[in-house]
């Protein structure tokens, strides 16, 4: 086990440094990419600001509370965006083109290979803006930062990222049967936008879906609500790491099933 | 002219072949409609109007703007793609005007997009989300004209971004940047009248508001029918001419580069 971890981290470092070299080669593109994502997020915040210029609260939630939710969403998304972006391309880049067979021949986990074959530098823009607005929102909300709350925040962000990855992994796995399930992944991803706002603005059915079926609620709203001192949502927030673990395990098992059925038809 | 129509129709056929995307587009648009509706319903919870815009008028605006937004991008992606993989050299040899060809193919995609996303969203919005019909038939007619011009301006701006693929590798970043800027200045998210004055002043000097805000505001009556509406459409025409000429100028510069490489 230990040997395996060592080998995989060695491999990942190798992959990562080669990505870094590419990034440094195309500096201009690196900055365009970062800037573009930055501006993209800023428009979302600016939109919120414009709306809040005309209202005091959104069903009882203040501007800075919603900003805080946005920040958690951005940071969780950034984890997914930087390190796991290649999952989007499994269908057309690996299965349709037949490259996936090549991955199966190598003595390394195919999922690991797919993930490490790309680092999406644009995600760093998201990371930066996420940290910046998290700081702004938190200071206006007078959140007291201690060791435990910072730890919880980091744990929540990591879990949020894992949930994003797990849901994408789950739906892209259908590619093994339908060649490219990207349309499915894209439409399911749309659910993540619901988590950017407090769930009490939605009807029960939608809340139910984004909490228990496609648990995007745990990528932003619930973990953020942990810091708002709201009894009910804080308890749900504590489930975030558990939910991320469960979705990841389920998705990975499903992925393995997909790989298995692929190799039995493929050869 | 005939060959361009054939291209348009073939693109519609290609698009309809991908049935999965058909459902995905419709589904995503409907989810976005949901989010929008509940968000704005929460905004208007204790309010009768937001700087004189009623809830019905607001929801009509945002839904139509969302529909419009999907039409203001397009041909540039294909152009950038062809530049990147070198197909551009072959395309230039063929007996059609390449930029016109791209725009007609793009128009084909838009026609199929109209059926797969716009119509379902509009109907759903109309029956369940308080989306209103235009006040007068005349206003509706002017909206159609303004809508068409808006799409054409969007296509020109998109081509400008696409041509940049000659000089930069990360065309994706450039597109996202443009989309973000356009999203704001075009009024795709909220009516421009809600913005601070300085922002409205800037957007008057940019082509983006002609892409979405003008047609949609004509529809909802925020730009009152009559003199003001005609003037807005006239401004749109001016922007269309400016962007059209800009594309051709940048394009001719870029083409020189290809011929140099080609020897």
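Glycine is treated like the rest: Cβ placed from N, Cα and C.
Annotations in TrEMBL come from automatic prediction, not curation.
Checking TrEMBL for transmembrane segment across the ranges A:90-119, A:150-179 points to A:150-179. According to TrEMBL, the feature transmembrane segment maps to residues A:235-255, out of the candidate ranges A:4-24, A:235-255.
Within the same chain, residues 72-73, 75-80, 84, 87-88, 90-91, 95-96, 111, 185, 188-189, 192, 214-216, 218-220, 223, 226-227, 237, 240-241, 243-245, 247-248, 250-252, 254-255, 257-259, 261-262 sit at least 6 positions outside the transmembrane segment (A:150-179) and bring their C-beta atoms closer than 8 Å to a C-beta of that stretch. Here the transmembrane segment (A:63-84) has Cβ contacts under 8 Å with residues 41, 44-45, 48-49, 52, 115, 119-124, 126-127, 129-131, 133-134, 136-138, 140-141, 156-165, 168, 192, 195-198, 219-221, 223-225, 227-228 of the same chain, all six or more residues outside its ends.
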